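A.B. asks: Before I ask anything, here is the structure I am working with.
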Amino acid sequence: MNWPFFRTAAVLFIFLVVLEVNSEFRIQVRDYNTKNGTIKWHSIRRQKREWIKFAAACREGEDNSKRNPIAKIHSDCAANQQVTYRISGVGIDQPPYGIFVINQKTGEINITSIVDREVTPFFIIYCRALNAQGQDLERPLELRVRVLDINDNPPVFSMSTFLGQIEENSNANTLVMRLNATDADEPNNLNSKIAFKIIRQEPSDSPMFIINRYTGEIRTMNNFLDREQYSQYSLAVRGSDRDGGADGMSAECECSIKILDVNDNIPYMELPSNSLQIEENSLNSNLLQIRVIDLDEEFSANWLAVIFFISGNEGGWFDIEMNERTNVGTLKIVKPLDYEEVKNLQLSLGVRNKAEFHQSIMSQYKLTATAISVTVLNVIEGSVFRPGSKTYVVTSSMGQNYKLGEFIATDLDTGLPSTTVRYVMGNNPTDLLAIDSKTGIITLRNKVTREQYNLLGKKYQGTILSIDDALQRTCTGTINIDLEGSGWEDRQTDGAVTGGGTITSTNDFTPSYEYTTTNTEDVYSVTPTGNGVRVRHPLDNVHFGPAGIGLLIMGFLVLGLVPFLLMYCDCGGAPGGGAGFEPVPECSDGAIHSWAVEGAQPERADLTTICVPQVPPDNANIIECIDNSGVYTNEYCGREMQELGGGERTTGFELIDGGKISGAPEICQEHSGTLRRNSMRECREGGLNMNFMESYFCQKAYAYADEDEGRPSNDCLLIYDIEGEGSPAGSVGCCSFIGEDLDDSFLDTLGPKFKKLADISLGKETEPYPDPDPSWPPQSTDPICPPQGTEPIGSGHPPISPHIGTTTVISESTYPSGPGVHHPMPIPDPLSYGNVTMTESYTTSGILKPSVHVHDNRQASNVVVTERVVGPISGANLHGMLEMPDLRDGSNVIVTERVIAPNSSLPTTLTIPDPRESSNVVVTERVIRPTSGIVGNLSMHPDISNTHNVIVTERVVSGSGITGISGGSGMGSSGLVGSTAGVGGDGLGLSSLGGGGLSSGIGGTATIGHLRGSSEHHFSNTLGSASPTTTRSRITKYSTVQYTK
């Protein structure tokens, strides 16, 4: 036994025990009992220099200062030296600061503020014991302070609205969605334990969903979800902490659940049965509309239907096309039906969806058939070639009129050869074949020559037309001929042909070919153009010689001289005395026509529709050119098939370079193929029958003549003075106000021929015309201007006394411009008719008030316009019809136009209102009445006393006479009273009165002598005879009145 080892171990053990006993560190913990308010201190000893863990806890959200000091630390080294205690960590010298403090001498740790567990769930305090030199006497100690949790946070859902979806007819307890909610309180604590609950469901017929209380999973309660009933559900879910306790906090969220569609509805057709009638050999793309009804979601694969044939369509005659936007099927005929084969059909249709049926109804699906009865109607079909083509072999030994065979059409209705058709050749290259129009026997027109053999390229393909005149139908058959063997003879001609010729036959239905020949010894090249037809061309032996090169160079040199010649060309000028370009006069657009004949533009006639008369055939076997009635329409399968037959005839002439040379047969080649009914043929002759043309245009002329006789005759006076459109309403008015707006200076440059007209238009003095009637006393044209203070006297009128200023009276004479003077004619009654119809306001009975438009602008210009006042024939009275409003402000304008009265009394005066302010203008135009006296037909109101008053009366027409124009007294300065064109029963009076001022009334007019007539027949036409709304008058400058038709 090793006793020294045991002795050493025992000594060391005793030393450690002594050391531990002498270095003891105590910790006292204060325990505060909140129930009874007592405080207890517990001493904890740390052995082997290890700190005892700090077990004190603080409650969040409360004031824990009443529990201070919450802990106390002590070091055994404080027995023999001074010890300083310090702490550090979160809540002390790290955020949040200052929550814990320590007494450096006693080691007591105090809490100073309220703590939040969600911010800091616990605190770690590092404790140190230091000597006077600041050195650690003990190893740092970690104290943990736990924060007790309270329920101060509600649950929070991760989304405000949760979205989910599930198929309809799903099994019960199928997971729909899972809700997610959190609580910020202490995990695994009752404060953070959330319980879920469904509090509301929309629609709320019956509960369809359940939720797991702890996990938040939403599942189906049953398998009764039906999208066709409800396509969406809305749930309200509440989450409460403390496991759903009454003292817990809660939150709510929304859940939207979409029900997905499955193919759980069997489609069906709207009509269970139907019946149809169709014609044989017809096609129809819209025979029947079949609507499918499906309750699944529209435009989805579960809704889209497919209609199929169960039976009855074994021949593939019908097809069904579905419209995916409407789910409607269209029954179509894609193959013609033959009445002789099928007379009735029973179609059985079924329907299904594009998507497979859902497993919930898979066992319930049963195919339901929809019956459609189809009746085929018989039509007259005509004849066809069966088979459609035949092939023959032709050798060089076969001569003219050799019978190749027969090609007979078959009547589809009877199945026998047709006996009501005639046969003609359609496409017949090189005029090789001929066919008998009755029997359909095909023969060779002539023996095949070497030229034909080379041109056809050993292969002939032509067409034969079978024309049924009774049914107006045409069918086409194809002829194929193989040219075999050798020993083909050359073409025989009556004489040698010098030079070359070209025969070309080209149309829209046959392959083109070209044959060129110079003599019988030339070498040809043959080029195929398709469809077995070849083109022969002579070998190229033309060369570009020196003469041609020289001519080409000469041409370029001449072109180089053109710019120099243009430099010396007078382009419009006349430096050498030439006339130059003649300017085109204005208004010459109608003198240049785009057609070559005078008169109106000729009508464009479609000459292609003119039928050329045909020559009747002399030989039945030789088919002439068929006319337009030889082609008929075939209508099969709903499409219009129209074909034109072919035929030839020999004219004995050949058309070469615009001339005809005898000795060469001409082929009148027909266009063959598909054309429209009654389409015209085109022959290479290019001419038309002139007899037919003459007949055509004669019928056209008679048609125009008949049309002119049927039109209403215009042998009466037109409404307007010009042809064309009527004049706008109100275009003829008082033109005396627009004279200064017209610029007539351009009349000075017209030349001597228009000098006289220019002088008349400008109002200059002209030499009087010689008076052929010496009994007509001439009158002076000089104006009568009495001096100031004198009284100008008019015959039969009272004198005019000047009161203020100067009065000037100007009289103008008007002489007729014709070669002679006509006798004066009486003025007819302008209102000889009963009721008067105007284009503007009119009436047939009673008193018509004229429409007066008053623009009452305060302190502005006032305008009153009354136009075309018309009264009836019975007892009308114009008294009060011209009542004008009281225009109180300045610048008043009153216009009365075309006052027309019937055969009744016209009031002696036309009352003018009281325009009391300055600048008043009163205009009365065209006062017309029947044969009765008009005494003082215009009376001035005495109260027009202000300045700048203008009163104008124009064209006062009466049947018996005009007494005069009287003006009221008391006019101020600058007044003007004018009477223009006063027309009486004996003549025409023109006067113009003016002056600087009139102080007394004007009681008369200056009248032009005895004007008995004019060349223009002033009143030869009854006013209103052509149109009651038209006044045939025209006003020129200086009150000159001219009446025209």
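Positions of Cβ are set from backbone N, Cα and C atoms, glycine also.
Not measured: the values here are computed from a predicted model.
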A.B. asks: Of Asn110, Asn937, which one does Swiss-Prot label N-linked glycosylation site?
C.D. replies: Asn110
A.B. asks: Looking at 479-505, 803-829, 1019-1045, which one does Swiss-Prot call region 'Disordered'?
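C.D. replies: Of the candidate stretches, Swiss-Prot labels 1019-1045 as region 'Disordered'.
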A.B. asks: Say a student had to find the N-linked glycosylation site annotation in Swiss-Prot: which of Asn36, Asn903 would be the correct pick?
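C.D. replies: Cross-referencing Asn36, Asn903 with Swiss-Prot, N-linked glycosylation site lands on Asn36.
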A.B. asks: Over the span of the domain 'Cadherin 4' (386-496), count residues by DSSP class, listing helix, strand and coil in order.
C.D. replies: 10 helix, 48 strand, 53 coil
A.B. asks: If one measures from the C-alpha of Asn180 (N-linked glycosylation site) to the C-alpha of Asn110 (N-linked glycosylation site), what distance in angstrom results, rounded to a whole number?
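C.D. replies: Roughly 41 Å, rounded to the nearest whole number.
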A.B. asks: What count of other C-beta atoms do you get within 10 angstroms of the C-beta of Asn180 (N-linked glycosylation site), across all chains shown?
C.D. replies: 14
A.B. asks: Three states by DSSP: which one describes Asn180 (N-linked glycosylation site)?
C.D. replies: coil
A.B. asks: Between 0 and 100, where does the mean pLDDT of the topological domain 'Extracellular' (50-546) sit?
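C.D. replies: When the pLDDT values over the topological domain 'Extracellular' (50-546) are averaged, the result is 85.
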